């Protein structure tokens with residue numbers, strides 16, 4: 001299915017950025033432009049679930065270099081403490097999110113690093129190894145929130161880790177929400 005025009009332009013910007021030697025700043029800037037306009041995400045890719053957040057695949061690069069997903073949060077929902085293992089960026093399209101960075105090595109309980117920080121609509125932050133890779137994110141808005149994430153792999157198929165509050169490390173693969181009504185978009 002062809003991508004909405006704004007998403008297609010973003011995908012083209014990502015391809016151009018990946019041809020450079022330092023793509024992450026250009027990717028974050030392109031994501032900021034994408035989330036500055038809330039008129040392009042199809043409603044099917046912004047549907048919350050009553051019990052947990054949803055992660056919808058918007059686009060997966062055919063060469064496996066990146067994926068773009070929409071995260072949809074209901075009231076009070078949050079992720080477990082988790083990592084990514086690859087570069088990424090998060091941009092809030094609607095509502096707000098709160099992120100808390102952690103240090104965790106699996107030998108004891110994860111330790112919070114600093115105070116949590118809040119991202120509101122239009123804000124972008126980079127994540128990945130060495131840049132807040134282990135964190136917990138929650139919906140910081142009284143209603144639903146939607147954020148757009150880009151990762152340096154097909155994140156729904158990438159093996160990552162959760163860090164239980166009591167300690168330890170558990171592998172997981174997040175997968176994607178949706179089905180035939182929420183197809184990924186071509187470039």
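Note that Cβ sites are derived from N, Cα and C of the backbone, with glycine treated the same way.
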Among 45, 49, 135 - the residue TrEMBL places in the same Fe cation site as 82, 84: 135
Lowest local Cβ density (other Cβ within 10 Å) among binding-site residues: 82, 84, 135: 82
